[in-house]
Amino acid sequence: MHSQNKYTNLINGQHYVNVPSYTLESNNKVISNFPIAYKTWGKLSPAKDNVIVVCHALTGSADIQDWWGPLLGPKKSFDYTKYFIICLNSMGSPYGSYSPVSERYHGNENVGDYDFPVVTVRDDVRVHKMVLEQVLGVPSLKAVIGGSMGGMLALEYASLFGESFVKNLVVLASSSRHSAWCISWSEAQRQAIYSDPYFKDGLYDLEEQPAQGLAAARMTALLTYRSRNSFEQRFSRREASSEARLKMVSTKRPRQQQQQDQNNKLTNDRLLSSDVEFKQVSTDTKTHSSSSSSNNESSSSKREDKLFSAQSYLRYQGLKFVARFDANCYISITQKLDSHDLARPAYPLANPLYEANPDAVLINTLQNFKMPTLVIGIESDGLFTISEQEFLAKHIPNSQFKVVKSMEGHDAFLLEFVEVNGYIKTFLNEGEYQDGYAFEARGDGSLIGGNGDDVDIDEDVGVFKEAIQEIKESLAGEAGDVTDW
Ligand SMILES: CC(=O)SCCNC(=O)CCNC(=O)[C@H](O)C(C)(C)COP(=O)(O)OP(=O)(O)OC[C@H]1O[C@@H](n2cnc3c(N)ncnc32)[C@H](O)[C@@H]1OP(=O)(O)O
Ligand SMILES: N[C@@H](CCO)C(=O)O
(Lines of atoms letter the chains of each structure in order from A and count residues from 1; the text may use other names and numbers.)
(Lines give C-alpha, C1' and ligand atoms only; values in the text may rest on other atoms or scores of the structure.)
(Ligands and ions follow the chains in the order given, each with its own letter.)
Protein backbone atom coordinates (compact mmCIF):
# COMPACT_ATOMS: atom_id res chain seq x y z
CA MET A 1 0.00 0.00 0.00
CA HIS A 2 1.75 3.10 1.21
CA SER A 3 5.23 4.02 0.08
CA GLN A 4 7.14 6.99 1.36
CA ASN A 5 7.64 9.87 -1.02
CA LYS A 6 9.46 13.17 -0.93
CA TYR A 7 6.47 14.93 0.65
CA THR A 8 5.73 12.36 3.34
CA ASN A 9 9.45 12.40 4.14
CA LEU A 10 8.89 15.95 5.43
CA ILE A 11 6.55 14.71 8.17
CA ASN A 12 8.02 13.12 11.28
CA GLY A 13 6.49 10.17 13.06
CA GLN A 14 3.16 9.78 11.32
CA HIS A 15 1.25 6.54 10.93
CA TYR A 16 -0.48 5.11 7.90
CA VAL A 17 -3.56 3.00 7.62
CA ASN A 18 -4.69 1.21 4.52
CA VAL A 19 -8.41 1.71 3.84
CA PRO A 20 -9.86 -1.28 1.94
CA SER A 21 -12.52 0.60 0.01
CA TYR A 22 -14.67 3.71 -0.08
CA THR A 23 -17.18 5.13 -2.55
CA LEU A 24 -16.47 8.77 -3.41
CA GLU A 25 -19.51 11.00 -3.46
CA SER A 26 -18.50 13.02 -6.54
CA ASN A 27 -18.64 10.19 -9.08
CA ASN A 28 -19.65 7.08 -7.16
CA LYS A 29 -16.19 5.72 -7.88
CA VAL A 30 -14.98 3.03 -5.51
CA ILE A 31 -11.41 3.65 -4.43
CA SER A 32 -9.64 0.66 -2.91
CA ASN A 33 -6.61 -0.06 -0.84
CA PHE A 34 -5.66 3.57 -0.31
CA PRO A 35 -3.65 5.24 2.49
CA ILE A 36 -4.70 7.66 5.19
CA ALA A 37 -1.91 9.27 7.20
CA TYR A 38 -2.40 10.43 10.76
CA LYS A 39 -0.47 11.47 13.80
CA THR A 40 -1.37 11.14 17.48
CA TRP A 41 -0.26 12.57 20.80
CA GLY A 42 -1.16 11.22 24.24
CA LYS A 43 -3.20 8.15 25.12
CA LEU A 44 -6.77 7.01 24.86
CA SER A 45 -8.36 7.02 28.32
CA PRO A 46 -9.94 3.79 29.63
CA ALA A 47 -13.37 5.39 29.16
CA LYS A 48 -12.34 6.41 25.59
CA ASP A 49 -13.73 9.87 26.23
CA ASN A 50 -10.66 12.08 25.85
CA VAL A 51 -10.23 12.21 22.07
CA ILE A 52 -9.70 15.52 20.32
CA VAL A 53 -9.56 15.52 16.54
CA VAL A 54 -7.74 18.51 15.08
CA CYS A 55 -8.28 19.07 11.35
CA HIS A 56 -5.56 20.77 9.32
CA ALA A 57 -5.90 23.63 6.83
CA LEU A 58 -5.32 23.64 3.08
CA THR A 59 -1.59 23.00 2.87
CA GLY A 60 -1.03 21.59 6.33
CA SER A 61 -0.28 18.02 7.31
CA ALA A 62 -1.16 15.67 10.18
CA ASP A 63 1.73 17.17 12.13
CA ILE A 64 0.00 19.67 14.42
CA GLN A 65 3.38 20.46 15.96
CA ASP A 66 4.42 21.93 12.62
CA TRP A 67 1.64 24.51 12.30
CA TRP A 68 -0.02 24.79 15.73
CA GLY A 69 2.96 23.78 17.87
CA PRO A 70 2.43 26.48 20.52
CA LEU A 71 -1.07 25.10 21.21
CA LEU A 72 0.21 21.57 21.78
CA GLY A 73 1.60 20.55 25.17
CA PRO A 74 0.90 20.36 28.88
CA LYS A 75 -1.49 23.03 30.13
CA LYS A 76 -2.12 24.19 26.58
CA SER A 77 -5.24 23.68 24.46
CA PHE A 78 -4.02 20.34 23.15
CA ASP A 79 -2.73 18.92 26.40
CA TYR A 80 -1.54 15.43 25.52
CA THR A 81 -1.10 14.54 29.18
CA LYS A 82 -4.89 14.71 29.32
CA TYR A 83 -6.26 14.24 25.84
CA PHE A 84 -5.64 11.78 23.02
CA ILE A 85 -5.00 14.22 20.16
CA ILE A 86 -5.39 12.97 16.60
CA CYS A 87 -4.88 14.72 13.29
CA LEU A 88 -5.72 12.86 10.08
CA ASN A 89 -4.30 14.04 6.79
CA SER A 90 -6.94 15.12 4.25
CA MET A 91 -7.22 13.31 0.94
CA GLY A 92 -5.73 15.25 -1.96
CA SER A 93 -2.88 16.47 0.26
CA PRO A 94 0.61 15.24 -0.67
CA TYR A 95 1.44 14.42 2.97
CA GLY A 96 0.44 10.76 3.00
CA SER A 97 -3.27 10.24 2.40
CA TYR A 98 -4.87 9.25 -0.92
CA SER A 99 -3.85 11.89 -3.47
CA PRO A 100 -2.51 12.34 -6.99
CA VAL A 101 0.96 11.83 -5.50
CA SER A 102 0.08 8.68 -3.55
CA GLU A 103 -1.49 7.26 -6.71
CA ARG A 104 1.66 7.96 -8.72
CA TYR A 105 3.81 6.30 -6.11
CA HIS A 106 1.33 3.43 -6.08
CA GLY A 107 2.20 2.80 -9.73
CA ASN A 108 -0.67 4.69 -11.39
CA GLU A 109 1.60 6.75 -13.61
CA ASN A 110 -1.23 8.30 -15.59
CA VAL A 111 -2.92 10.10 -12.75
CA GLY A 112 -3.01 13.71 -13.86
CA ASP A 113 -5.47 16.51 -13.43
CA TYR A 114 -8.24 14.77 -15.41
CA ASP A 115 -7.79 11.39 -13.81
CA PHE A 116 -7.90 12.17 -10.13
CA PRO A 117 -11.50 12.33 -8.89
CA VAL A 118 -12.92 15.24 -6.94
CA VAL A 119 -12.60 14.35 -3.26
CA THR A 120 -14.93 16.38 -1.06
CA VAL A 121 -14.82 17.56 2.54
CA ARG A 122 -17.56 15.02 3.25
CA ASP A 123 -15.44 12.21 1.79
CA ASP A 124 -12.63 13.21 4.15
CA VAL A 125 -14.86 13.20 7.18
CA ARG A 126 -16.49 9.85 6.36
CA VAL A 127 -13.15 8.17 5.70
CA HIS A 128 -11.54 9.73 8.78
CA LYS A 129 -14.43 8.51 10.93
CA MET A 130 -13.92 4.98 9.62
CA VAL A 131 -10.27 5.18 10.67
CA LEU A 132 -11.13 6.65 14.07
CA GLU A 133 -13.71 3.99 14.85
CA GLN A 134 -12.34 0.91 13.19
CA VAL A 135 -8.61 1.42 13.62
CA LEU A 136 -8.18 3.61 16.67
CA GLY A 137 -11.24 2.33 18.53
CA VAL A 138 -12.63 5.79 19.13
CA PRO A 139 -16.40 5.78 19.84
CA SER A 140 -16.88 9.55 20.07
CA LEU A 141 -14.94 12.81 20.16
CA LYS A 142 -14.51 15.06 23.14
CA ALA A 143 -14.03 17.77 20.51
CA VAL A 144 -13.35 18.33 16.87
CA ILE A 145 -11.43 21.48 16.04
CA GLY A 146 -10.27 23.09 12.84
CA GLY A 147 -9.42 26.35 11.11
CA SER A 148 -10.13 27.32 7.51
CA MET A 149 -10.43 24.04 5.56
CA GLY A 150 -10.04 22.27 8.91
CA GLY A 151 -13.09 24.19 10.10
CA MET A 152 -15.05 22.88 7.12
CA LEU A 153 -14.20 19.33 8.17
CA ALA A 154 -15.13 20.08 11.77
CA LEU A 155 -18.51 21.47 10.67
CA GLU A 156 -19.13 18.44 8.46
CA TYR A 157 -18.31 16.10 11.36
CA ALA A 158 -20.97 17.88 13.39
CA SER A 159 -23.46 17.98 10.53
CA LEU A 160 -23.09 14.35 9.46
CA PHE A 161 -22.69 12.63 12.82
CA GLY A 162 -24.32 14.95 15.38
CA GLU A 163 -23.74 15.37 19.08
CA SER A 164 -23.60 11.64 19.81
CA PHE A 165 -20.23 11.55 18.02
CA VAL A 166 -19.05 15.17 18.33
CA LYS A 167 -19.36 16.37 21.92
CA ASN A 168 -17.84 19.80 21.35
CA LEU A 169 -17.07 21.78 18.23
CA VAL A 170 -14.50 24.53 17.60
CA VAL A 171 -14.43 26.31 14.25
CA LEU A 172 -11.93 29.04 13.36
CA ALA A 173 -11.93 31.33 10.33
CA SER A 174 -14.08 28.99 8.26
CA SER A 175 -17.51 28.92 6.68
CA SER A 176 -20.73 27.00 6.33
CA ARG A 177 -20.26 27.05 2.55
CA HIS A 178 -17.38 28.17 0.36
CA SER A 179 -18.24 31.65 -0.88
CA ALA A 180 -18.21 32.87 -4.48
CA TRP A 181 -15.25 35.06 -3.52
CA CYS A 182 -13.24 32.10 -2.24
CA ILE A 183 -14.20 29.88 -5.18
CA SER A 184 -12.94 32.62 -7.49
CA TRP A 185 -9.57 32.88 -5.73
CA SER A 186 -9.26 29.08 -5.94
CA GLU A 187 -9.97 29.22 -9.65
CA ALA A 188 -7.47 32.02 -10.30
CA GLN A 189 -4.81 29.98 -8.51
CA ARG A 190 -5.59 26.81 -10.46
CA GLN A 191 -5.45 28.78 -13.71
CA ALA A 192 -1.91 29.88 -12.83
CA ILE A 193 -0.97 26.20 -12.63
CA TYR A 194 -2.83 25.22 -15.81
CA SER A 195 -1.03 27.96 -17.74
CA ASP A 196 2.44 26.66 -16.85
CA PRO A 197 3.79 24.75 -19.89
CA TYR A 198 5.21 22.17 -17.52
CA PHE A 199 1.74 21.29 -16.27
CA LYS A 200 0.91 18.98 -19.21
CA ASP A 201 -2.65 18.30 -18.00
CA GLY A 202 -1.15 17.16 -14.75
CA LEU A 203 0.92 14.42 -16.36
CA TYR A 204 4.24 16.05 -15.49
CA ASP A 205 7.19 14.14 -14.16
CA LEU A 206 7.02 14.46 -10.35
CA GLU A 207 10.57 15.81 -10.40
CA GLU A 208 9.62 18.45 -12.99
CA GLN A 209 6.42 19.90 -11.71
CA PRO A 210 4.95 23.21 -12.96
CA ALA A 211 6.89 25.15 -10.38
CA GLN A 212 6.30 28.61 -11.79
CA GLY A 213 2.52 28.13 -11.91
CA LEU A 214 2.39 26.59 -8.45
CA ALA A 215 4.55 29.37 -7.00
CA ALA A 216 2.29 31.99 -8.60
CA ALA A 217 -0.74 30.23 -7.13
CA ARG A 218 0.81 30.28 -3.65
CA MET A 219 1.80 33.93 -3.96
CA THR A 220 -1.77 34.82 -4.93
CA ALA A 221 -3.13 32.72 -2.09
CA LEU A 222 -0.81 34.35 0.42
CA LEU A 223 -2.19 37.76 -0.45
CA THR A 224 -5.64 36.49 0.46
CA TYR A 225 -4.30 35.03 3.74
CA ARG A 226 -2.99 38.37 5.01
CA SER A 227 -4.32 41.90 4.88
CA ARG A 228 -3.38 45.07 3.07
CA ASN A 229 -2.49 46.71 6.38
CA SER A 230 -0.21 43.86 7.47
CA PHE A 231 1.70 44.05 4.17
CA GLU A 232 1.90 47.82 4.39
CA GLN A 233 3.26 47.70 7.92
CA ARG A 234 5.62 44.82 7.22
CA PHE A 235 7.11 45.87 3.88
CA SER A 236 6.03 49.39 3.01
CA ARG A 237 8.07 50.48 -0.06
CA ARG A 238 11.32 49.11 1.32
CA GLU A 239 13.70 47.42 -1.05
CA ALA A 240 14.67 43.81 -0.41
CA SER A 241 17.62 43.50 1.94
CA SER A 242 20.73 41.69 0.80
CA GLU A 243 19.83 38.94 3.31
CA ALA A 244 16.41 38.52 1.71
CA ARG A 245 17.97 38.33 -1.75
CA LEU A 246 20.55 35.82 -0.61
CA LYS A 247 17.84 33.77 1.08
CA MET A 248 16.09 33.39 -2.24
CA VAL A 249 19.29 32.22 -3.89
CA SER A 250 20.13 29.72 -1.19
CA THR A 251 16.67 28.17 -1.25
CA LYS A 252 16.68 24.70 -2.70
CA ARG A 253 15.33 25.07 -6.20
CA PRO A 254 13.12 22.46 -7.82
CA ARG A 255 14.95 20.46 -10.45
CA GLN A 256 13.02 22.15 -13.22
CA GLN A 257 14.53 25.44 -12.18
CA GLN A 258 17.99 24.03 -11.61
CA GLN A 259 18.08 22.89 -15.20
CA GLN A 260 17.53 26.44 -16.38
CA ASP A 261 17.22 25.70 -20.06
CA GLN A 262 17.24 28.72 -22.34
CA ASN A 263 13.54 28.46 -23.16
CA ASN A 264 12.41 28.97 -19.62
CA LYS A 265 15.29 31.09 -18.39
CA LEU A 266 13.32 34.30 -18.46
CA THR A 267 10.48 32.83 -16.40
CA ASN A 268 12.89 31.45 -13.88
CA ASP A 269 14.71 34.76 -13.71
CA ARG A 270 11.43 36.46 -12.95
CA LEU A 271 10.86 34.17 -10.02
CA LEU A 272 14.38 33.79 -8.77
CA SER A 273 16.28 36.91 -9.70
CA SER A 274 18.32 38.43 -6.92
CA ASP A 275 20.87 41.11 -6.44
CA VAL A 276 23.64 38.59 -6.94
CA GLU A 277 22.12 37.21 -10.12
CA PHE A 278 21.25 40.67 -11.35
CA LYS A 279 24.87 41.81 -11.16
CA GLN A 280 26.08 38.70 -12.91
CA VAL A 281 23.44 39.07 -15.59
CA SER A 282 24.36 42.73 -16.17
CA THR A 283 28.03 41.84 -16.63
CA ASP A 284 27.20 38.97 -18.95
CA THR A 285 24.94 41.20 -20.99
CA LYS A 286 27.67 43.73 -21.52
CA THR A 287 30.37 41.25 -22.41
CA HIS A 288 28.23 38.79 -24.40
CA SER A 289 25.63 41.07 -25.90
CA SER A 290 25.31 38.86 -28.97
CA SER A 291 24.50 35.70 -27.03
CA SER A 292 21.12 34.16 -27.70
CA SER A 293 19.92 34.78 -24.16
CA SER A 294 21.08 38.36 -23.88
CA ASN A 295 17.68 39.87 -24.72
CA ASN A 296 16.05 37.94 -21.95
CA GLU A 297 18.78 38.78 -19.53
CA SER A 298 18.76 42.43 -20.42
CA SER A 299 14.98 42.72 -20.05
CA SER A 300 15.24 40.83 -16.78
CA SER A 301 17.88 43.30 -15.62
CA LYS A 302 15.63 46.25 -16.37
CA ARG A 303 12.73 44.56 -14.67
CA GLU A 304 14.78 43.97 -11.55
CA ASP A 305 16.24 47.43 -11.31
CA LYS A 306 14.38 47.60 -8.01
CA LEU A 307 13.33 44.60 -5.98
CA PHE A 308 10.85 45.47 -3.29
CA SER A 309 10.87 43.65 -0.01
CA ALA A 310 7.24 42.64 -0.63
CA GLN A 311 8.33 41.06 -3.94
CA SER A 312 11.20 39.10 -2.47
CA TYR A 313 8.87 37.89 0.32
CA LEU A 314 6.34 36.57 -2.18
CA ARG A 315 8.99 34.96 -4.36
CA TYR A 316 10.61 33.30 -1.39
CA GLN A 317 7.25 32.00 -0.23
CA GLY A 318 6.63 30.68 -3.77
CA LEU A 319 9.96 28.87 -3.75
CA LYS A 320 9.40 27.48 -0.30
CA PHE A 321 6.02 26.17 -1.36
CA VAL A 322 7.06 24.39 -4.57
CA ALA A 323 9.70 22.56 -2.54
CA ARG A 324 7.01 21.17 -0.21
CA PHE A 325 3.81 20.81 -2.26
CA ASP A 326 2.61 19.17 -5.47
CA ALA A 327 0.65 21.01 -8.19
CA ASN A 328 -1.95 18.28 -8.84
CA CYS A 329 -2.51 18.05 -5.09
CA TYR A 330 -2.99 21.81 -4.95
CA ILE A 331 -5.67 21.54 -7.65
CA SER A 332 -7.34 18.64 -5.87
CA ILE A 333 -7.40 20.23 -2.45
CA THR A 334 -8.66 23.61 -3.70
CA GLN A 335 -11.46 21.73 -5.50
CA LYS A 336 -12.23 20.13 -2.15
CA LEU A 337 -12.69 23.62 -0.66
CA ASP A 338 -15.02 24.53 -3.50
CA SER A 339 -17.15 21.44 -2.80
CA HIS A 340 -17.91 22.66 0.71
CA ASP A 341 -21.52 23.52 1.41
CA LEU A 342 -23.10 22.11 4.56
CA ALA A 343 -26.54 22.36 3.01
CA ARG A 344 -25.96 20.79 -0.36
CA PRO A 345 -27.50 17.39 -1.01
CA ALA A 346 -25.16 14.47 -1.57
CA TYR A 347 -23.93 14.29 -5.17
CA PRO A 348 -25.59 13.64 -7.56
CA LEU A 349 -28.91 13.86 -5.78
CA ALA A 350 -31.14 16.85 -6.10
CA ASN A 351 -33.01 18.31 -3.18
CA PRO A 352 -35.95 20.46 -4.26
CA LEU A 353 -35.87 22.31 -0.94
CA TYR A 354 -32.22 23.17 -1.49
CA GLU A 355 -32.86 24.21 -5.08
CA ALA A 356 -35.68 26.46 -3.94
CA ASN A 357 -34.03 27.99 -0.87
CA PRO A 358 -30.44 26.97 -0.08
CA ASP A 359 -30.19 29.56 2.71
CA ALA A 360 -33.13 28.07 4.58
CA VAL A 361 -31.66 24.56 4.33
CA LEU A 362 -28.31 25.86 5.56
CA ILE A 363 -29.84 27.63 8.55
CA ASN A 364 -31.86 24.55 9.37
CA THR A 365 -28.71 22.41 9.21
CA LEU A 366 -26.89 24.68 11.66
CA GLN A 367 -29.90 24.89 13.97
CA ASN A 368 -29.73 21.12 14.33
CA PHE A 369 -26.25 21.27 15.87
CA LYS A 370 -26.74 20.37 19.52
CA MET A 371 -23.15 20.31 20.81
CA PRO A 372 -21.50 23.24 22.60
CA THR A 373 -19.67 25.18 19.92
CA LEU A 374 -16.98 27.83 19.85
CA VAL A 375 -16.69 29.97 16.73
CA ILE A 376 -13.55 32.09 16.38
CA GLY A 377 -13.28 34.77 13.73
CA ILE A 378 -10.44 37.04 12.67
CA GLU A 379 -11.31 40.70 12.58
CA SER A 380 -9.29 41.40 9.42
CA ASP A 381 -10.07 38.16 7.52
CA GLY A 382 -11.00 39.06 3.95
CA LEU A 383 -11.40 35.46 2.87
CA PHE A 384 -13.57 33.89 5.56
CA THR A 385 -15.13 37.09 6.82
CA ILE A 386 -16.31 37.95 10.29
CA SER A 387 -19.88 38.04 8.98
CA GLU A 388 -19.54 34.38 7.95
CA GLN A 389 -18.39 33.51 11.48
CA GLU A 390 -21.27 35.53 12.93
CA PHE A 391 -23.64 33.58 10.71
CA LEU A 392 -22.35 30.30 12.16
CA ALA A 393 -22.57 31.54 15.74
CA LYS A 394 -26.00 33.06 15.21
CA HIS A 395 -27.56 29.85 13.91
CA ILE A 396 -25.76 27.21 15.97
CA PRO A 397 -27.91 27.18 19.11
CA ASN A 398 -25.35 26.40 21.82
CA SER A 399 -22.49 28.55 20.54
CA GLN A 400 -20.02 31.15 21.74
CA PHE A 401 -18.37 33.65 19.43
CA LYS A 402 -14.88 35.11 19.89
CA VAL A 403 -13.06 37.58 17.70
CA VAL A 404 -9.29 37.63 17.33
CA LYS A 405 -8.31 41.26 17.03
CA SER A 406 -5.47 40.96 14.59
CA MET A 407 -4.50 42.78 11.43
CA GLU A 408 -2.83 39.63 10.03
CA GLY A 409 -5.91 38.59 8.06
CA HIS A 410 -7.07 35.01 7.59
CA ASP A 411 -3.75 33.39 8.60
CA ALA A 412 -4.07 34.96 12.07
CA PHE A 413 -5.57 31.65 13.20
CA LEU A 414 -2.09 30.18 12.60
CA LEU A 415 -0.20 33.18 13.95
CA GLU A 416 -2.00 34.64 16.99
CA PHE A 417 -1.17 31.69 19.21
CA VAL A 418 -1.75 33.28 22.60
CA GLU A 419 -5.26 34.52 21.86
CA VAL A 420 -6.32 31.42 19.93
CA ASN A 421 -4.89 29.12 22.59
CA GLY A 422 -6.63 31.08 25.34
CA TYR A 423 -10.06 30.82 23.69
CA ILE A 424 -9.79 27.12 22.84
CA LYS A 425 -8.32 26.11 26.18
CA THR A 426 -10.93 27.96 28.17
CA PHE A 427 -13.69 26.40 26.06
CA LEU A 428 -12.31 22.86 26.37
CA ASN A 429 -11.31 23.01 29.99
CA GLU A 430 -14.38 24.85 31.18
CA GLY A 431 -12.18 27.00 33.41
CA GLU A 432 -10.22 24.06 34.80
CA TYR A 433 -6.82 25.75 34.45
CA GLN A 434 -7.10 29.05 36.21
CA ASP A 435 -3.45 29.96 35.71
CA GLY A 436 -3.88 30.39 31.97
CA TYR A 437 -1.37 29.88 29.20
CA ALA A 438 -1.43 33.55 28.30
CA PHE A 439 1.57 35.09 29.97
CA GLU A 440 3.78 38.07 29.48
CA ALA A 441 7.51 38.41 29.91
CA ARG A 442 8.74 40.87 32.52
CA GLY A 443 11.81 42.97 31.83
CA ASP A 444 13.93 40.65 34.02
CA GLY A 445 13.02 37.62 31.89
CA SER A 446 10.57 36.09 34.40
CA LEU A 447 7.02 35.36 33.33
CA ILE A 448 3.73 36.60 34.69
CA GLY A 449 0.59 34.51 34.12
CA GLY A 450 -2.82 35.69 32.94
CA ASN A 451 -4.03 35.82 36.57
CA GLY A 452 -1.06 37.97 37.68
CA ASP A 453 0.83 35.11 39.40
CA ASP A 454 4.40 34.13 38.64
CA VAL A 455 4.72 31.33 36.09
CA ASP A 456 6.83 28.44 37.32
CA ILE A 457 8.56 27.51 34.11
CA ASP A 458 10.56 24.69 35.79
CA GLU A 459 7.35 22.98 36.77
CA ASP A 460 6.09 23.26 33.19
CA VAL A 461 9.34 21.83 31.85
CA GLY A 462 9.01 18.84 34.20
CA VAL A 463 5.50 18.11 32.98
CA PHE A 464 6.70 18.58 29.43
CA LYS A 465 9.48 15.98 29.82
CA GLU A 466 6.97 13.42 31.11
CA ALA A 467 4.70 14.19 28.18
CA ILE A 468 7.51 13.74 25.67
CA GLN A 469 8.11 10.28 27.12
CA GLU A 470 4.41 9.56 26.69
CA ILE A 471 4.56 10.61 23.06
CA LYS A 472 7.45 8.25 22.42
CA GLU A 473 5.51 5.43 24.05
CA SER A 474 2.42 6.32 22.10
CA LEU A 475 4.26 6.38 18.78
CA ALA A 476 5.58 2.89 19.37
CA GLY A 477 2.54 1.79 21.31
CA GLU A 478 -1.12 1.24 20.72
CA ALA A 479 -1.44 3.58 17.79
CA GLY A 480 1.87 2.52 16.25
CA ASP A 481 0.83 -1.10 15.91
CA VAL A 482 -2.18 -0.27 13.85
CA THR A 483 -0.93 0.20 10.34
CA ASP A 484 -3.53 -1.88 8.54
CA TRP A 485 -6.90 -3.46 8.99
C1 LIG B 1 6.31 19.62 6.04
C2 LIG B 1 5.51 20.79 5.90
O3 LIG B 1 5.92 21.79 5.45
S4 LIG B 1 3.92 20.66 6.43
C5 LIG B 1 3.05 22.10 6.13
C6 LIG B 1 3.50 23.35 6.86
N7 LIG B 1 2.61 24.40 6.51
C8 LIG B 1 1.38 24.44 6.99
O9 LIG B 1 1.02 23.69 7.83
C10 LIG B 1 0.45 25.45 6.44
C11 LIG B 1 0.15 26.48 7.39
N12 LIG B 1 1.25 27.40 7.56
C13 LIG B 1 1.33 28.53 6.85
O14 LIG B 1 0.52 28.81 5.98
C15 LIG B 1 2.48 29.42 7.18
O16 LIG B 1 3.55 28.65 7.62
C17 LIG B 1 2.16 30.48 8.25
C18 LIG B 1 1.01 31.34 7.82
C19 LIG B 1 1.76 29.84 9.53
C20 LIG B 1 3.40 31.30 8.51
O21 LIG B 1 4.13 31.49 7.35
P22 LIG B 1 5.71 31.59 7.40
O23 LIG B 1 6.24 31.47 6.04
O24 LIG B 1 6.28 30.67 8.41
O25 LIG B 1 5.89 33.03 8.00
P26 LIG B 1 6.07 34.38 7.25
O27 LIG B 1 4.97 34.62 6.31
O28 LIG B 1 6.28 35.38 8.30
O29 LIG B 1 7.42 34.19 6.41
C30 LIG B 1 8.61 33.99 7.06
C31 LIG B 1 9.67 33.58 6.08
O32 LIG B 1 9.77 34.54 5.02
C33 LIG B 1 11.09 35.11 5.03
N34 LIG B 1 10.96 36.52 4.69
C35 LIG B 1 10.39 37.48 5.44
N36 LIG B 1 10.45 38.65 4.78
C37 LIG B 1 11.07 38.42 3.61
C38 LIG B 1 11.41 39.24 2.51
N39 LIG B 1 11.13 40.55 2.48
N40 LIG B 1 12.02 38.65 1.46
C41 LIG B 1 12.33 37.33 1.47
N42 LIG B 1 12.02 36.52 2.50
C43 LIG B 1 11.39 37.05 3.55
C44 LIG B 1 11.57 34.92 6.44
O45 LIG B 1 12.98 34.97 6.50
C46 LIG B 1 11.02 33.54 6.76
O47 LIG B 1 11.80 32.55 6.13
P48 LIG B 1 11.86 31.03 6.71
O49 LIG B 1 10.50 30.47 6.52
O50 LIG B 1 12.89 30.36 5.85
O51 LIG B 1 12.25 31.14 8.14
N1 LIG C 1 -2.00 29.37 5.20
C2 LIG C 1 -2.71 28.19 5.55
C3 LIG C 1 -4.17 28.40 5.70
C4 LIG C 1 -4.95 28.53 4.45
O5 LIG C 1 -6.31 28.56 4.78
C6 LIG C 1 -2.36 27.05 4.65
O7 LIG C 1 -1.56 27.24 3.74
O8 LIG C 1 -2.85 25.95 4.87
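Using the three backbone atoms N, Cα and C, a Cβ is placed for every residue, glycine included.
Owing to the predicted nature of the structure, the values given are computational and were not obtained by experimental measurement.
Its Cβ placed at the centre, Ser148 (active site, nucleophile) has 28 other Cβ atoms within 10 Å. When secondary structure is read from DSSP and collapsed to three states, Ser148 (active site, nucleophile) falls in the coil class. Marked as active site, nucleophile by TrEMBL: Ser148.
For the recorded site, Asp381 (active site), the DSSP three-state label reads coil. Around Asp381 (active site), the C-beta neighbours below 8 angstroms that are at least 6 residues distant in the chain are Ala173, Gly409, His410, Ala412. The annotation active site is assigned in TrEMBL to Asp381 (among others).
Secondary structure at His410 (active site), as computed by DSSP, is coil. Annotated active site per TrEMBL: His410 (among others), in sequence order.
What TrEMBL lists as compositional bias 'Basic and acidic residues' is 234-246.
According to TrEMBL, the feature compositional bias 'Low complexity' maps to 289-299.
The domain 'AB hydrolase-1' feature in TrEMBL is assigned to 50-416. In the predicted model, residues of the domain 'AB hydrolase-1' (50-416) average a pLDDT of 87.
Annotated region 'Disordered' per TrEMBL: 234-269 (among others), in sequence order.
What TrEMBL lists as region 'Disordered' is 281-304 (among others).
Within 10 Å of the C-beta of His410 (active site) there are 27 other C-beta atoms, taking all protein chains into account. For the compositional bias 'Basic and acidic residues' (234-246), DSSP puts the residue distribution at 7 helix, 1 strand, 5 coil.
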